[in-house]
Structure formats: structure tokens, C-alpha cells
Amino acid sequence: MAPLPLPIAAITSPHPSKSHDAPAPAPRPSASSLHAALASLSQQHAHAHDGGALRDAFALVARAERRSSPAAAVSVGPEVYASLLQCCVASGSLRAGRQVHAALVKRGPYYCRNAYAGTKLAVFYARCGALADAERAFGAIPERGRNAFAWAAVIGLWSRAGMHARALDGFAAMLEAGVPADNFVVPTVLKACAGIALARAGRAVHGYAWKAGIAECVYVMSSLVDFYGKCGQVEDARAVFDAMPERTVVSWNSMIMAYIHNGRIDEAVELFYEMRVEGVLPTRASVLSLLSASAELEAVDGGRQGHAVAVSSGLAIDVILGTSMINLYCKVGLVEAAEAVFEQMEERDIVTWNLMIAGYFQDGQIDKAFETCRRMLETNLKFDCVTLASIIMACVKYCSMMVGSAAHGYAVRNDLDSDRTVACGLIDLYACTGRIEHARQVFNAMSQRDPVVWKVMISTYADGGMSSEALKLLDQMQLEGMSPTAACWDSVISAFVRNGQFKDALGIFDQMLLTKTRPNLRTWSLLISGLSLNGMHQEVRNLCCKMQEVESAPSPTIYSAVVFAAKTAASVHSGKAIHACIVKKGLLLSRSVIQSLLKMYSGFNDRVTTDSLVRLLAECSK
């Protein structure tokens, strides 16, 4: 906010001044010249942003107030304060605007309930993001005095604040009050519709815009492209985009973002190319969006196009843009390209360093990774949880206890050892070097443990052949009020299966069924493949019956997985038992299940059943 400018002079009485109180005669500006002077000062501040124009505006109004009287050539009426508020809007000074508001209130109801001044107040508070103040100012305007500007201000503020339903209610109230929406209100309402994915409401607003004759406004059409894109209706977005008589860079960005938002990176890249052919320079925001989406989808061509556009458009490779490029190149394995961008950057933040360090580690360039760590510390930046996690993961991969112990020490000294990612990495590090007791110490030192940490420690015991310790920890987890995830149960079941303790594995599975946690694909596959490999066909049949009870809404994926488990175990008995379950559950019409059965029976050399399934698959394909 700008500093508080010169205060408004004490408010004079609205009654006629006595003769001995009258100021000495002096030239007085006219009302029109006063408004023109304030408008000029407002424009000056919009360009200069130095606060001087706002102070001059306050001083000008203060002088006018001192000269104001019923006989004066100029009267400081509500419109003057509204013009002064416009200066506050230009400066964004909430404190100065509140001072003007206070002056209006002191002047009395004629001033503070003036529709024009009230509208300016609502617009001012909305521009400053002062939600409660804007609502109060709007509420103080007489209903018949609420024009499109006042409605647009509060509806826009509600939408920007994420109160999309309220913005739509305001739009309905505005129309009910007989105030037509203009090309400033409609884009805001479309943004609200997109915010809560109300596609039908947005289409209705589109229809309203056509009837109101504003549907071909470039701002409205750009908002429609954005709305349809966010609601997943890309073809409609493109239809509006193609129908635009003129396009701004915002229009192009909206259509590009519509493609990106819906995962159509190739079309976004193609539109980028068209945009450049037509001589429209992409903005930083559109390039960043393309880079981010390309990184998420690991679409290297889209990322390279974004990089090329940034360079050809003369965009500076600052921290945000450079970091986005490094993130993309590291994700797709082009570490040398990431390194080139990294070295070009004049300024880097901790995210930039972390991405480059992680990229080197993932590419196996350990020396460069540690050298980058050293360079990072030399810039007076400290390692954070992400940096340490990368270092510890590399130590796990290469079983490097010397560096790992140093990383553990750094984590303890800097209070980072309770971070989940760091702690899980340390547990894995000590587990891979056989130091289970050290892993347990890291686990015990954590003040708060979430299911992920419990799962890592349970898996550490299970993978180390300490199934009884894993079971104890599973029990402790439940005693402490934490519900084990399916992955926690799977770790213990897996340990017992590997050790040949099948009764214990089935006992743990029965315990799992008593909780709210449902078995997943791995649970069923672990048990069926383990039992099948050891010739326990009756137990497999019992398990299949249990699966029919538990999976009330059976997923073809689960049955495909257990069929694969039976095939892997080369158990004809188990396979036929699972086949019977599938028939009872009515899943023999699923192509994925039939294909899984085909592969299983082909492995068993059962030509009769295979031929029958081939015919069934052909019928399903019709």
C-alpha cells in the first residue's frame, strides 16, 4: 500500500458561514476544472506510482473544502469525493480510500448514500480485495442506485475470492433487479461457472451474451474459450476461438491452456506455432503453462517448443522460467540440456538447485551432484528436506553409509530428521546396509508418524526376514489409533509367504478383513500365487470363495490379476477355481478377463477351453 497522503482538512459545517469566518477572496476553480484536475492526477499516479499525485489530489480537495460555501463557485459534493476515490483506486492505497470513506460518512447521509460515490467505494474496496468493506459499501447503495459497475465490482470480487456460487447468485440478483450485464460482468460470471464446473450454467450465460449483443466482444469470447476448456469441452472452446473476428494474446493463451488443461499437448504446440506465424508473441504465462504441462506428461517436443518460443520471444530466463525448463529436461532425462539452462541463469532459488541436484543423481552423475551441493552451500543457501532426500536416496542406491551418516547428522542439526521423506529415506538407507536397529531409532525419534512412515518401517522388518517384528509393529500401529493401509498389511503377508508361514499369512489376512481396509490387487495376488506354488489347492479354492464374498462389486482387474497369479504358479487347480469364481460373478463378458484366462489356459496346454474362450472373445468383440 502507498503511505498515507496528506490528511483531508477538518470537515466544515454544511451551514452558511458567518461573515467574519469567511476566507479572504481568492480565485476559485470551477466544479468541472476540479474534476479534470483530479482525473489528471489519477492518470499521473497510474503511470508514475510514486505517491506524489495522490498527495496532490488530497491537497487539492482540502483547499476546495476550505473555500466551499453555498455561495462559492465550486461545491465539494459527493462527486468530488468519488473523483478522489478514483485516485485511490489508481494508487491501490486502502488506507487513503478509507480516509475518503470516513469523510463521506462525516458529511452525512446525502454524501455517504450517494449512488455515484457509493459505487466508487464498492469498486475501490473490490480492487483492493477488501471483501467485507466492499460488501458493506455495496449494501449501503440504494437498490435502485446499483448500476452495472457496482454489481461488476462485487461479483468480480466474489469470483476472485473463490466464492463462485455467491458470484452466480449475485449475477442472478443483478438480472432480477433489471440491471443488464455488460461485457465486464459476463467474463467474471463465466469464470465462476468454470470454478465450480457448471457447464450448463456457463452455456446459459453464453446464450445471454448472444441475446445481449455482447457475445462477439473479444473479452467475452476469450472468457468463453477459457470456460469451455476448463469444463473439458475443448471442441466448443475451439469453435468459439475460430469464430473470433479478432484475437488478442489472451485469446490465444486461453485456447492453448484449454488444450493443455485437457492433456492435448500436441495441439497446444501446434497452436503455439500458429500463434507465432500470425505475429502474436506468447506471454511468459503461456510459455510456463506449456513447460509445466510438458513436464507432467513428459512430452519433450512440447517442452522444446516452449523453450524455443521463450528464446525467440526475448523472454528473460529468470528463476521461474529457468526452473520450469530444468524441471522439464530433468524429467525426460535430458540432463545436459537442463545443465545448460542452469548455467545460463543469473539468479537461482533453492528449488532450482534441488531440481539440478536431483537430475544429476537420477542420471547417475554422482560427482556432479555432490559438486552442485557444494556450490549451493557456497551461495549461503542451506539444504532443505528436498535436498537431503535426494542425497539420501542416492546413498540408498549406492549403499554409501559415509555420506548417508553425514546427511543424517545434518538433518538432526537442522531439525529436518522428522520430515517424512527424509526419515523414510534414512530408514531405507540403514535397512539396505543391514542396520535395522538404526532404522528403528530413526522411526522412534519421529514425533509424528503417518501411514507412509509406518509402512516403510514394517516393510523394513518384513524384507529383513523379521516377520514377527513386522507383526508387532502392525499391532502397535493399531493400538496407537492408526489404521494400517493395505500396503502395510501386504508387507506382513508377503513376509510370511516368503518364509513359508502360510497359516500365519492367512491369519493376518483374516485380521485385515475385520478392519475397514479392503484387500487390493497385490493382496489377492500374493496369497493366491504363494498358495498355488506350494500346491495348497484347497486353500486357493477357499480364498476364491472368500473373494466372492468380499468383492461385492467385483473389478475385472482384480480377477485378471489373480488369473495371472495362477498362471505364474502353473497351478491348473487354482486356475480352474478362479475360473469358476469369474463365471459366478458374471465377469466372463469382460475382454480383459477373457484374455487373462486365454493366456492361462494356453500355458496349461488346454486346447478345448482355449478354443471355447477364443469363440467367446470373438462374440464380445462384435
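Cβ coordinates come from backbone N, Cα and C, glycine included.
Sequence annotations record features per position, and here TrEMBL assigns region 'Disordered' to 9-33.
As annotated by TrEMBL, repeat 'PPR' applies to 248-282 (among others). Assigned with DSSP, the residues of the repeat 'PPR' (248-282) fall into helix, strand and coil as follows: 26 helix, 0 strand, 9 coil.
The repeat 'PPR' annotation in TrEMBL covers 318-348 (among others). Proximity of distant same-chain residues to the repeat 'PPR' (318-348), defined by a Cβ-Cβ separation under 8 Å and at least 6 residues beyond the stretch ends, is recorded for 284, 287-288, 291-292, 294-295, 298, 300, 303, 306-307, 310, 355-356, 358-360, 362-363, 365, 379.
In this model, the repeat 'PPR' (349-383) carries an average pLDDT of 93. Among the features that TrEMBL reports, repeat 'PPR' is placed at 349-383 (among others).
Tertiary neighbourhood of the repeat 'PPR' (450-484): same-chain residues 420, 423-424, 427-428, 431, 434, 436, 439-440, 443, 491-492, 494-496, 498-499, 501, 504, 508, 515-517, selected by CB-CB distance under 8 Å and a gap of 6+ residues from either end. If you look up TrEMBL, you'll see 450-484 (among others) marked as repeat 'PPR'.
Listed by sequence, the residues of this chain that lie at least six past the ends of the repeat 'PPR' (485-519) yet keep a Cβ under 8 A from its Cβ atoms are 451, 454-455, 458-459, 461-463, 465-467, 470-471, 474, 477, 526-527, 530-531, 534, 536, 539, 546, 550. Annotated repeat 'PPR' per TrEMBL: 485-519 (among others), in sequence order.
Annotated repeat 'PPR' per TrEMBL: 520-554 (among others), in sequence order. Assigned with DSSP, the residues of the repeat 'PPR' (520-554) fall into helix, strand and coil as follows: 27 helix, 0 strand, 8 coil.
Long-range contacts of the repeat 'PPR' (248-282) within the same chain, counting only residues at least 6 positions beyond its ends with a Cβ under 8 Å from a Cβ of the stretch, are 218-219, 221-223, 225-226, 228-230, 232, 234, 237-238, 241, 289-290, 293-294, 297, 299, 301-302, 305-306, 309, 312-313. Counting residue by residue with DSSP, the repeat 'PPR' (349-383) contains 26 helix, 0 strand, 9 coil.
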